Amino acid sequence: MSECGCFSATTMLRICVVLIICLHMCCASSDCTSHDDPVSQDEAEKATKLKLGSIALLLVAGGVGVSLPLIGKRIPALQPENDIFFMVKAFAAGVILCTGFVHILPDAFERLSSPCLEDTTAGKFPFAGFVAMLSAMGTLMIDTFATGYYKRQHFSNNHGSKQVNVVVDEEEHAGHVHIHTHASHGHTHGSTELIRRRIVSQVLEIGIVVHSVIIGISLGASQSIDTIKPLMAALSFHQFFEGLGLGGCISLADMKSKSTVLMATFFSVTAPLGIGIGLGMSSGLGYRKESKEAIMVEGMLNAASAGILIYMSLVDLLATDFMNPRLQSNLWLHLAAYLSLVLGAGSMSLLAIWA
């Protein structure tokens, strides 16, 4: 059984590179709106210093956010068998759900409803909702097909050994047949659940990473100090809470230390990397955020990212946990989990005022 389940770090890196190339194609495109007022040299230098500071700030915020749940695995109170664990997962799911609905999807609708696209196909069709729907359906296909593939592979690999055990036990004592078959079933169920958690964590990371690169490039390409300052603070909290949600899913995947560190690092560096790319584009590559190409690419990517996050939060995180018999049999734990969900979604919603 592959430890990574569906995607490797190399695959994620390739997706990130393709994303950067798509946005790079938006460089040197003509604006469909009037150009911004020229920025003075002094103001440009101050903006550059703020952007460099934001790289360090977002790196720390994202790193701390994604690391807390991973470190928390070593804390007894946060072990899977404890009630607090359900509350932490509900909070993380609320953060991810809000990110998709409140932060990303509205941005996609705004970009793809731009007056600049009125004379294009995008201006005559609700592409934001359409792409988000396709993205959610695609995530469902990846989720189910990948889980089914590894489940069938696991059954195939263990079928032979199971038959041998049955024959031997029948020769020795008939009562042993049921016991070994039941244990094998439990092991298979546990392995399938673990594979599913790994697939969930990696597909979820792809959706978050796409959004992180886009917001990083937007900040890096901005030349307004009045815009950069509030964005620095808001995006720091944004990365921290997104990191909490992703870190919680990675911790459940129970992967090797190397894979866990790679996934946490990959998330932490994407927003700072996006800022660096945006900084380079605004400095010498002629990036125009309001060109038709940039608007369409950003809108489509945001819509796809929103579809992934909404599906994953509702289906793979919330539905799974809130249908858990342990949660449903404990009224106070059930209410506490809902409260955590509301707090997670509410905290992330407040950031939409500034970010």
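Here, residue 1 is simply the first one shown, and the rest follow in order.
Here the Cβ of each residue, glycine as well, is placed from N, Cα and C on the backbone.
Topology check against Swiss-Prot: Asp42 and Lys292 carry an identical topological domain name and occupy the same side of the membrane.
Only residues 6 or more beyond the boundaries of the transmembrane segment (199-219), in the same chain, are considered here, and those with a CB under 8 A from a CB of the stretch are 4-7, 12, 15-16, 19-20, 23, 51, 54, 58, 62, 96, 99-100, 103-104, 139, 142-143, 146-147, 228, 231-232, 235, 238-239, 242, 245-246, 249-250, 252-253, 255, 263, 266-267, 270-278, 281, 289, 298, 301-302, 304-305, 308-309, 312, 316-317, 355. Of the Cβ pairs linking the transmembrane segment (52-72) with the transmembrane segment (261-281) and spaced 6 or more residues apart, 3 or more are under 8 Å, so the two regions touch.
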